[in-house]
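According to TrEMBL, the features are:
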type: COMPBIAS; residues: 1-17; note: compositional bias 'Basic and acidic residues'
type: REGION; residues: 1-20; note: region 'Disordered'
type: BINDING; residues: Glu75, Glu100, Asp132, Asp155; note: S-adenosyl-L-methionine binding site
type: BINDING; residues: Lys159, Asp191, Thr225, Lys226, Phe227, Glu228; note: substrate binding site
Amino acid sequence: MNEADQHTTETLDERPTRGNRLYPRVTSFRSRRGSLTDPQQQCWDRRWPELGKEVGDDPLDVEAWFGRSAPLVLEIGSGTGTAALAMAGAEPEVNLIAVEVYKPGIAQTLQGIERSYDSDAPIENLRILRGDAVEVLEKMLTTESLTGVRVFFPDPWPKARHHKRRLLQAPTFALIADRLKPGGVLHVATDHADYAEAIAEVGDAEPRLARFSGTAPIGLERPVTKFEDKAHQVGSAINEFVWGKIGA
Ligand SMILES: C[S@@+](CC[C@H](N)C(=O)[O-])C[C@H]1O[C@@H](n2cnc3c(N)ncnc32)[C@H](O)[C@@H]1O
């Protein structure tokens, strides 16, 4: 993904999303045009039918899609897939679903999976959903189905009038808390100080979550993404949070 374009090429759609939702909201993502290069399109044509699905209204048959039963982790807003690819490779025993709306980012993730097939560590445990992660949580995944949720560098929507677009607000925390199994973890990282404060406050207020300490059921080691690297270069501190679902 061309992260430099993220804050410049968006078309803001302020209309509340309608339909069968748990709560009315505006979306946390921008409508961005993004065409695929020829190699990306060719990789998409080869791999998407097996490795990807559009977000829809029906519950996901996760076991059928992965061909096995295993702890399930959801990464929300996976961008170009840097973290998803590295973490899937590091945790072959986990089923990992990356959700992203940005098609070129998904195409790069598919290319990463395909490249791994030529290595001695092919990535077999990563699938991709294209669309709104909130809809995935609401409609496609069931209560206590997830062992982990990852949200790395969610769009900060820095202007006060755009704060309503932030992904990590109380309704999303509540939804994540419901979908996590007891003992499951929510892992969040942000480079935006003001968003970090809001995330900490709202996450700590969710009664089914508590700050996590101990051995997590999933890996917490993140690779540095291009996006995070830029944050380091401009001196932004990275705030990282891990909550566990209580009741294990
Ligand atoms: C700032 S980027 C970070 C990408 C990546 N996690 C990284 O660290 O490089 C945030 C990403 O979240 C995606 N996103 C935002 N809201 C989303 C949603 N509701 N569902 C799926 N993806 C979303 C955006 O398209 C964007 O690619």
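Glycine is treated like the rest: Cβ placed from N, Cα and C.
Whatever TrEMBL says is automated annotation, not expert-curated.
Less than 6 Å separates the Cβ from ligand 1 in the case of Thr225, drawn from the binding-site residues Glu75, Lys159, Thr225 in sequence order. Taking every pair among Lys159, Asp191, Thr225, Lys226, Phe227, Glu228, the residues recorded as binding substrate, the greatest CA to CA distance is 24 Å.
The maximal spread of the S-adenosyl-L-methionine binding site, taken as the longest Cα to Cα distance among Glu75, Glu100, Asp132, Asp155, is 14 Å. DSSP assigns Glu228 (substrate binding site) to a helical segment in the three-state reduction. Taking Cβ-Cβ distances under 8 Å and a sequence separation of 6 or more, the neighbours of Glu100 (S-adenosyl-L-methionine binding site) in its chain are Gly77, Ser78, Gly79, Gly81, Ile106, Thr109, Ile128, Leu129, Arg130. Put simply, of the binding-site residues Glu75, Asp132, Asp155, the one whose Cα is nearest the Cα of Lys226 (substrate binding site) is Asp155. Between Phe227 (substrate binding site) and Asp132 (S-adenosyl-L-methionine binding site), the C-alpha separation comes to 20 Å. In terms of C-alpha distance, the listed binding-site residues Lys159, Asp191, Thr225, Glu228 place Thr225 closest to Glu75 (S-adenosyl-L-methionine binding site). One way to see the shell of the S-adenosyl-L-methionine site is to take the Cβ centroid of Glu75, Glu100, Asp132, Asp155; the remaining same-chain residues with a Cβ within 8 Å of it are Ser28, Phe29, Ile76, Gly77, Ser78, Gly79, Val99, Val101, Tyr102, Ala133, Pro154, Leu167. In the three-state DSSP scheme, Asp155 (S-adenosyl-L-methionine binding site) falls into the coil class. For the pair Asp191 (substrate binding site) and Asp155 (S-adenosyl-L-methionine binding site), the Cα-Cα distance reads 10 Å.
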